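See structure below.
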Amino acid sequence: MLKIIVCFKWVIDEADIKVSGKSRELDLSRVAYKISDYDRNAIEEAVRLQEQLGGSVVAVTVGPPTAKQSLKDALSRGPEKAVFVSDPAFDSLEPAQTAAILAEVITKNLEYDLIICGEGSSDLYAQQVGPRLAEKLGIPCATYVEKIIIKDKELIAERKMRDGIEVVSMPLPALVTVMPTINTPRIPSLKQVLGAAKKPVVNLSAKDLEGKYEPCLKTTSLLAATMERKRIKFTDDPQDIRKVVDALLKEGVIS
Amino acid sequence: MPGVWVIAENSNYTLELLSKGLEIANELNEKLVAFSFGNEELANDYISCGADEVFVLPALNRELPFEAYVPLIVAEAKKEMPEAIIVCATQRGTELASRVAAGLNTGLATGCISVRVDKGNLVMERLVFGGAAVQTVICTTRPQMAAIPPGTYEKAQPREDRRGQIKVVAGNVETKVKVVERRKKEQEEIDLTEAKIIVSVGRGFEKQEDISLARELARLLGGEVGCTRPIAEELHWLPEERYMGISGKKVKPDLYIGLGVSGQVQHVTGIRDAKIIMAVNTDENAPIFDAADYGIVGNLYDVVPKLMTEIKAALNK
């Protein structure tokens, strides 16, 4: 029976970020949160493998106490149990810390054959947690995976590289990070959403951890990526369209 | 002397990092070390292009992926304690850098868009929130590590008078990960990153056949057709090589024309370096208009034919 752990992150929905005036400061006052995009693919893949092969899926997340909202969402997608590692200090963890915390929690609390992570998070997109976690646990890993096949105690993964597909094999236990192309996550049904509230959640805090996970990076600034653009709007009237063509000619970009 | 290390999966990318590495090593007052994988001849090229020392690692068996070098690099770094390690952020490079950083318990900034030195620290800029913001970080642990995408720097140029040392690093390259098959992708006939004009297909197109409208406009202007991620990855209407965005192609045409493109930040990040951005969209509040120089509020099925008529008249075509 395959024991699968899927890791996910609760992140700011980047579509809600506003920029306050000319200062380039980010206005995060009205943002909603979501399960990081590719982590939804990771959860879906874990659940699909379980449906095929039997076994179990545990979802694990590390974050501030407010990330508690994510548990119901994650559990409604199919995992039967969640592990929530939270602390007020965990609101801006860097990949090195998240991976090290996950490694300690997994080693002490969970059995596994396979760990699935998203290829990168939709907020920081550092793409580090998966491979760092594998390294900390001393297990083989495959990144950028878009197909997983399990045969006995062997994992075969198709990695989607820029120049083509690389098929790799490795013994379990192993870790993979998945691409968004690996599947299309299902929308949870009402029954699943209601059922999620009854599923078990293991709550852990920083006090339950032995390691002190200090940051290695220091963020010195975080500013909106602005673009200088003219932002002139026209109607679909032929005269207006002619003005646009004239402008393009004047810019020297068409000839 | 600890040194600044540059690591890339092939020689072209190594040469790119050497040009930046030279600048960083000078500012940090460190020696510059390049890595050659199973090829001692390349070591001399790297020396003439600025490396003070080249570590030559054993060649890989064909069945091993490049990432198999992680344990050897970690072991070498523990011995030498480099001040900084710069890795070319190809996919393999990013995995390798992450695992090396984990092995060394140090910080790493991936996907850097720029790196400079200030007071002994690498000051690294990277895009976050799908490209909506720029995060600037420094690394407080050592070695400080940065992963920088290929194509960020020009290749270093050789100079006859440079001398350096070659160190052959012995050891077994071992990993539990074996490559069982490689399927090369058929090369796309065009490179979108070189196109001067790009007509971009967004979700405003109702059917795949309608892309002919974008093709006609592109042909008239001597440009290429590109698209947003959903068009390539969800609908498969165009090949993946044609989608632009933070995880796709980053383009720098003179003119980008978005047709029915809503302007999600992930897509806009891929087109930020366009000289002029023009957009056609029915929704006057679509975010693409904030990213555009010239926006036409209207239905692309109505606007594109009119646009082509005006372009033909203006260019006497």
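The backbone N, Cα and C atoms fix where each Cβ goes, glycine too.
Feature list (source: TrEMBL):
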BINDING   B:ARG203, B:THR228, B:ARG229, B:GLY260, B:VAL261, B:SER262, B:GLY263, B:GLN264, B:VAL265, B:GLN266, B:HIS267, B:ASN281  FAD binding site
DOMAIN    B:4-189  domain 'Electron transfer flavoprotein alpha/beta-subunit N-terminal'
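Using a cut-off of under 8 A between C-beta atoms, the binding-site residues B:ARG203, B:VAL261, B:GLY263, B:VAL265, B:HIS267 that neighbour chain A are B:VAL265. Counting every protein chain shown, 20 other Cβ atoms lie within 10 Å of the Cβ of B:ARG229 (FAD binding site).
Of the listed binding-site residues, namely B:VAL261, B:VAL265, the sparsest Cβ surroundings within 10 Å are found at B:VAL265. Around B:GLY263 (FAD binding site), taking its Cβ as the centre, 23 other Cβ atoms fall within 10 Å, counting all chains. Of all Cβ atoms in the shown protein chains, 15 besides its own fall within 10 Å of the Cβ of B:ARG203 (FAD binding site). Proximity of B:HIS267 (FAD binding site) to non-local residues of its own chain (separation of 6 or more, Cβ distance below 8 Å) is seen for B:THR228, B:ARG229, B:MET244, B:GLY245, B:VAL261, given in sequence order. Along the domain 'Electron transfer flavoprotein alpha/beta-subunit N-terminal' (B:4-189), the predicted structure has mean pLDDT 95.
Mapped onto three states, the DSSP output places B:ARG229 (FAD binding site) in helix. When secondary structure is read from DSSP and collapsed to three states, B:GLY263 (FAD binding site) falls in the coil class. Classification of B:ARG203 (FAD binding site) by DSSP places it in coil, neither helical nor stranded.
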